[in-house]
């Protein structure tokens, strides 16, 4: 066993002595040592319950004849961090999480790992670590939150609360109505109830094969989560015995299938960023062109909030992720069904018994929302290396209008609230990319303000930053190269006409090449917003969004 490095041989007497101080007995040194990578954090509702959850995981590991050791990672709640400097720490926290898991697991020579993530950057951070460490691993997330209901019986979620702020600001609802939405938008523990980033990544984790069937959709408060825990411990033991590791599971074909589900469900645009980062950790050459190819061949079968009023509980009731995959498998060339997963079985075997139980929630191949996926990659003179739009969350497929330019999210939000944005405008928020932000903050507050003011279909928004999975409307993010790297978005001027064509996958500014070249020569890189601490280091090392915004090793030659 891998853990023999710290427990076998006369020279490991000091190690065993220390381990006995934690409660181990001599007989435990013949069993696999399992890292329980938890993320219990009281300020994050998606993680509030994970303390008790972790205890259940440890019990299941012991029952399977292995020895559990629990530790916790940090985490950032994107909703609470939204709209202030806290959001700059969100994406960078993914790297800290990956590094911290790598540190604990490699320092102590564990034989296997069970990861307990749930919310936005915590799931991909742990997934990156699992691929980097590459020991047998199973993921069991904390599960989605249920949707809420206002006193009037209206179904609401966190997206409703953010949009309620814009609606109140524009006089569409009263303060009492906003308070009602606030009180009921997040009714329980769990990851926010729509197809936002957390749930998108937990669903993708299931498709990739790192998590068990049901992981993406079974609610946090559902007793079936406990059954998943028991299965996870049993399956991990099999993975250890068969020496099946994350890099055996997460192949290019597995990533294709993850994006196929993403397209079928119209997941968060953040999935593109995180899954590209996973590919980097797995040593795979996977780019946005391949994502676009997946988008072109996968129909959009399922709309979940913010694209509709359906939530993860409805997906679960309708058959879960397995039912969506089973339907997709009917179309040739969409899924790779014979690859191995964390169950020890193939994807084909995992979904064999699945079926759609509600065709209003999960559409059939014969009745898709659209013939192509719910996410699309746009390119053009404004995004040479690509940009992303959640096409399934807007009915507008072509938009052209003059730019209203803001050089930060704070500046943009103030401008929107002051009425500086009108019907037909293209709002540009730049210098908010991985390097420029720094940290590539999410733009949920501006998009929600626009939607709440009733302009969601009449105003477009472009940014080199990110969008929350709760964002909707004509929102194009991840524009690469970013402004801080001298990308074309930095060269835009007030009033420039920008064209967004979702069907043709184009993002262009109606300015001549000669004029753009002239502006580029005159452009000067602004001073970094942050020069010290973790964010200062991050800004110097982070790569572009089109490569996953991962950290690069500085070249000292």
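Glycine too: its Cβ is placed from the backbone N, Cα and C atoms.
So that you can see what the record holds, here are the features copied from Swiss-Prot:
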- 78, 120, 121, 442: Mg(2+) binding site (BINDING)
- 119, 192: [2Fe-2S] cluster binding site (BINDING)
- 121: N6-carboxylysine (MOD_RES)
- 468: active site, proton acceptor (ACT_SITE)
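Known features from Swiss-Prot, placed on the structure.
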residue	record	DSSP (3 states)
78	Mg(2+) binding site	helix
119	[2Fe-2S] cluster binding site	coil
192	[2Fe-2S] cluster binding site	coil
442	Mg(2+) binding site	strand
468	active site, proton acceptor	coil
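Listed in sequence order, the recorded positions from 78, 442, 468 having a Cα within 10 Å of the Cα of residue 119 ([2Fe-2S] cluster binding site) are 78. Comparing the binding-site residues 119, 192 by how many other C-beta atoms lie within 10 angstroms of each C-beta, the top residue is 192. Distance from the CA of residue 468 (active site, proton acceptor) to the CA of residue 120 (Mg(2+) binding site) is 9 Å.
The 10 Å shell around the Cβ of residue 121 (Mg(2+) binding site) contains 28 further Cβ atoms across the protein chains shown. When the Cα atoms are compared, residue 78 (Mg(2+) binding site) and residue 192 ([2Fe-2S] cluster binding site) turn out to be 11 Å apart. With residue 468 (active site, proton acceptor) as the anchor, the candidate binding-site residues are 121, 192, 442, and the one with the nearest CA is 442. Report note: the Mg(2+) site is defined by 78, 120, 121, 442, and the residues of the same chain whose CB lies within 8 Å of the CB centroid of those residues, excluding them, are 76, 81, 87, 90, 91, 119, 197, 198, 270, 468.
Fewest other C-beta atoms within 10 Å: among the binding-site residues 78, 120, that description fits 78. Residue 192 ([2Fe-2S] cluster binding site) and residue 442 (Mg(2+) binding site) are 16 Å apart (CA-CA, integer value).
Comparing residue 121 (Mg(2+) binding site) with residue 192 ([2Fe-2S] cluster binding site), their Cα atoms are 14 Å apart once rounded. The Cβ neighbour count for residue 468 (active site, proton acceptor), using a 10 Å radius and every protein chain shown, is 31. The local packing around residue 442 (Mg(2+) binding site), expressed as other Cβ atoms within 10 Å of its Cβ over all shown chains, amounts to 32.
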